[in-house]
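Colleague: My questions will all concern the structure given below.
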Amino acid sequence: MPYQLASPSRLGPGDKIGEGDSELVLNILPPDLVEDAFENMRKEVAWKAMHHRGGEVPRLVAVEGDVAADGSFPLYRHPADESPALRPFSPTVSLIREHVQKVLKHPVNHVLIQHYRSGADYISEHSDKTIDVVRGSKIVNVSLGAQRVMTLRLKRDGIDGLGKGTRRPSQKIPLPHNSMFVLGLETNAKWLHAINHDKRPLYQKSPEERFMNEERISLTFRHIGTFLTADESHIYGQGAKGKTRETAQPVINGTEEAVKLIKAFSKENQRSGFDWEAVYGEGSDVLHFTHTNDTAPQRENLHEAKSALEGT
Ligand SMILES: O=C(O)CCC(=O)C(=O)O
Ligand SMILES: [Fe+2]
């Protein structure tokens, strides 16, 4: 059998990544901050297991964000069965956020923090769900600890015309300690991304990959435009039906609305020509995907919609 070049090129700072709106920035944090950041976050962050399709996701997670004076806070919706409650930015994360905002030149008000406990922890291939992400903003992943590889792969429908059986273009971007990967929304629309597990034995790993006992913390900062009121009863903003605080609507749990949002997420994972305005423009007031009063057919519909979702 002819040899196939197995590993796509590795990209880094200065390279055209994805659609060209993405990049890798090295040394994002100053030495005094980065020095103890990992250990501080271990203590300061409220780590939780998260569930998706009934099982635990293979990493620990936490959610922090900007809580307004009236107690309202940003809401980032994605298909997980349950997400940890948002807490105000903890001290070290707050400092990291300041540096990120300076480099990005736009605010970020929400962070998903993930602890990959070893090379066995991973995040499967997905596109970030953008109903709640301020349009035109960028999503960033700050990496601390062991170096892991971000793999981008063109969505399946992005290779039309290249012929059936053509391998989908893919890019590998090693994410070193103290780096920031900037994911532009154009790249997110056309490519899927993943941090695959790395089960190679220790002796095959570089010092960067073995760093911090192979543990990695990533901080995914986003500029979120959808908000929940303090009591979590009402929702408003970009991804909701009521676009302003004054027109906030009661949240919806379960029902056909939940199935509709899950199907929209699925479309975003699969289609590169995803029409944001057509699918998300009207908004959705769904907070939780299930409700104790859901009927059996409603549960079945939701289950089916979730099964059709690839990745997260
Ligand atoms: O850990 C990372 O750098 C990637 C995280 C990610 O893709 C996400 O949170 O959506
Ligand atoms: Fe992601």
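Cβ coordinates come from backbone N, Cα and C, glycine included.
Here the structure is a predicted model, which means the values were calculated and not measured.
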Colleague: Select from 253-272, 293-312 the stretch of residues annotated by TrEMBL as region 'Disordered'.
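Modeller: Comparing 253-272, 293-312 with TrEMBL, region 'Disordered' matches 293-312.
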Colleague: To what whole number does the mean pLDDT across the domain 'Fe2OG dioxygenase' (107-225) round?
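Modeller: Mean pLDDT for the domain 'Fe2OG dioxygenase' (107-225): 93.
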